[in-house]
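Asks: Starting off with a structure, shown below.
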Amino acid sequence: MQCSLVEVSVSVDWPRLQKALTVEVERGFQNLQGKQHRFGDFLCLSFGSPPPPGSSPGDRQKWREFAQRFAQYDQLEEAERKSLVASTRRFLHQLRRSLESPPRDSVPKKDLLAQVNRPQVSEPRYPKSGQIELHTPLATVVSQSQHQTKLLKNLGLATVEDLLFYFPRDYLDYAQQVTIAELTAGETVTIVGRVVNCTCFTSPKNQNLNILQIQLRDQTGRIKLSRFYAGKRFAHRGWQEKIKKLYPPQAVVAASGLVKSSKFGLTLDNPEIEVLDRHSPSIDSFKVGRVLPVYPLTEGITADFLRKLVLACQTAIAKLSDPLPQEIREKYELIDLQTAIAQIHFPENTEKLSLARRRLVFDEFFYLQLGFLQRRYEQKQQQQSAIFTPHGELLEKFSDLLPFRLTQAQQRVVNEILQDLNKPSPMNRLVQGDVGSGKTVVGVFAILAALQGGYQAALMAPTEVLAEQHYQKLVSWFNLLYLPVELLTGSTKTAKRREIHAQLSTGQLPLLVGTHALIQETVNFQRLGLVVIDEQHRFGVQQRAKLLAKGNAPHVLSMTATPIPRTLALTLHGDLEVSQIDELPPGRQPIHTSVITAKERPQMYELIRREVAQGRQVYIIFPAIEESEKLDIKAAVEEHKYLTEKIFPNFNIGLLHGRLKSAEKEAALTAFREKQTEIIVSTTVIEVGVDVPNATVMVIENAERFGLSQLHQLRGRVGRGSHQSYCLLVTNSKSNDARQRLGVMEQSQDGFFIAEMDLRLRGPGEFLGTKQSGLPDFALASLVEDQEVLLLAREAAETMMVEDPNLEAHPDLKIKLVQRYEKLLGGEILT
């Protein structure tokens, strides 16, 4: 789902939002189904867009919080829904009124920024080591052991500047304390009291669960707090005694958390507990009465020690230079860097913390986007590619022979590609298209432009199944154009392989489709002008680079059927031009999608029998090919045997999984395509590329094991013909999170909406797969919460590249860009 700032600025439909809220109230908070989305999802998406321009930082924060709260709407009890809807209506009313007619006594934005320009920071009470500079070693600032110095270096903290840019991961708001007597269930609070007693023990009911219990008292009463530690290592007696010693009798403790009611009275839900002062007879402490930072720690470095160190380094903040140009700071209402660093560590209040965080998040995004754009600019300056005309006989013939008209979205993307190919700098464009949107035909226009210019093209796919699918489709088109095309995979026979190599090197073969086999040293093109990479995220950087090296700065077109939200695309592929095919060909029927449990299997089997009896075909998908007791995942191999012998003995059932030999895979797919088998049991090998219009049922077992985007890809294997299709998501999971995610699939067929919800519900790491996600190493920025800031930073970076592409007028920014860009990417090039 694409969302630009221009669109957002005019798309906050206040009456529609209020009407949705009113109807939800009138219908008893049932999470009503609208034309496209359920009420909760509609509100989640509405608040997921950037806040209206002119909103205060506080209102921006509340706007983002509402997005997160409505993401959980389906799980809320009626009373909780009622409370959320009421608070939302109040917030929207107040926000709209403040935007349309700001109160006279409100502080103007610029005045508010001016107020935090020089924050008052408490002076450290620790000995100073002379004049503190940014390059001063931390070992000379505060007294510390050699072991502590080593531990700090392990955290990447060697100098004062390192520490100033080591940001807190959270905050404890000791400024807003309540007494024990004032506790109210449902509120998040902080209490301060003295330890009466402390125990740590292993639960008698669960040997893997260990419980820390602390009884606190203040002048108004007593409370018992519990923290839980899961894992056998916490059951060790030595560890338990060590933890108890942290909370000796009379130690002053601050505890922060959600107040909940239990059978023993009020308590805090698994609270954050902070020892303030173990020896002082009073509760006076430099920590109480302010918002305290909580830093990522390592064993041997305490929170107290790190805070003292940060306080001692505060005087060096004045030495920081701000490389961000003043005109950018003014345009985007950003506070200066010195203020932001001071307030991020020891904020005076939440408003100033919000301003500080916004500035530093902007910096992270700005340096990343500027780095991407600079890299693209330098590549274009250094490389010269062939220029392909956007017109010609081949392109016209292909347009005429197509049995359908391109959608408006397809035509728009084709035009963007042909414009790129008509320039001397190499194209580097990513085409995103929803399932069935017609990416392949768009790619063919690019291929034909290269061929009619006298160059060769290569199309690389991640699997043999997908490569074969592309090859078959291209052959059907290229035969009509009298153009040869060949397929090269790991299964290609030696004789055929040699023939292909010879034809490539002489230029006789204009187009080669294949898998990783294309990057072998023996594959040599005479004149490679275009590389098309399908499902490009499946290939590593080195694999893509090897293929590009087979030509002289060839144009590159990447394609993916896995929609990526715009913020994620900017973060991963900021140096690419991104096109979206956000329209499906006419005539596609919505796929009827249902989440079912094991109890409903008889009805599912009956649906399959009915569809097969009408001549249709069925996919049954499993997440693994071996039985796994740990995850309780049904194996495709075992289930194939069970279905064949017990459930559908009269049907022909095929089997497809990743461990079959290539010939066996192709045989299974061919049998399914040619209707020799009515049902195919498969793992996710079937996920992309397989096109069987006669298939109308997709059954996905253990659906909770898949990401939403992957489920959407699998569902896209049906619904390709004129008959009604069905997708059945089978799960036995009792998890509310799993049920909520699968509910999104029932409600929407829009891949971009599903990708956006997947990102919100699972976060970018889970969305991409944490092992090779390629995500930049952000210290503060969140791709879910900070989408608005990312878009502003991209806009600022694009403006900078237009006005000063070599940064000659901004030398400080140029130096800082190299440091920050490399740090964000971990020294690696992503694309």
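Cβ atoms here come from the backbone N, Cα and C positions, even for glycine.
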Asks: Checking feature assignment: motif 'DEAH box' per Swiss-Prot, candidates 382-385, 534-537, 674-677. Which range matches?
Replies: 534-537
Asks: Residues other than G433, D434, V435, G436, S437, G438, K439, T440 within 8 Å, Cβ to Cβ centroid, of the ATP site?
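Replies: Checked against the 8 Å cutoff, the neighbours are A561, I581, L584.
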Asks: Highest CB neighbour count within 10 A among the binding-site residues G433, G436, G438?
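Replies: For the binding-site residues G433, G436, G438, the Cβ with the most other Cβ atoms within 10 Å is G433.
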Asks: Going along the chain, which residues at least six beyond the ends of the motif 'DEAH box' (534-537) come within the CB cut-off of under 8 Å?
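Replies: Those are 430, 439, 443, 459-462, 466, 470, 544, 558-562, 688-689, in sequence order.
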Asks: Where DSSP helix means H, G or I and strand means E or B, what are the helix, strand and coil counts for the region 'Wedge domain' (175-289)?
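Replies: Its residues fall into 16 helix, 57 strand, 42 coil.
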Asks: DSSP-wise, what's the residue breakdown of the motif 'DEAH box' (534-537) into helix, strand and coil?
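Replies: Helix, strand, coil within the motif 'DEAH box' (534-537): 2 helix, 1 strand, 1 coil.
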Asks: Note down the number of other Cβ atoms within 10 Å of the Cβ of S437 (ATP binding site), including every protein chain shown.
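Replies: The answer is 26 other Cβ atoms.
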Asks: Identify which of the binding-site residues D434, V435, K439, T440 has its Cβ surrounded by the largest number of other Cβ atoms within 10 Å, counting every protein chain shown.
Replies: D434
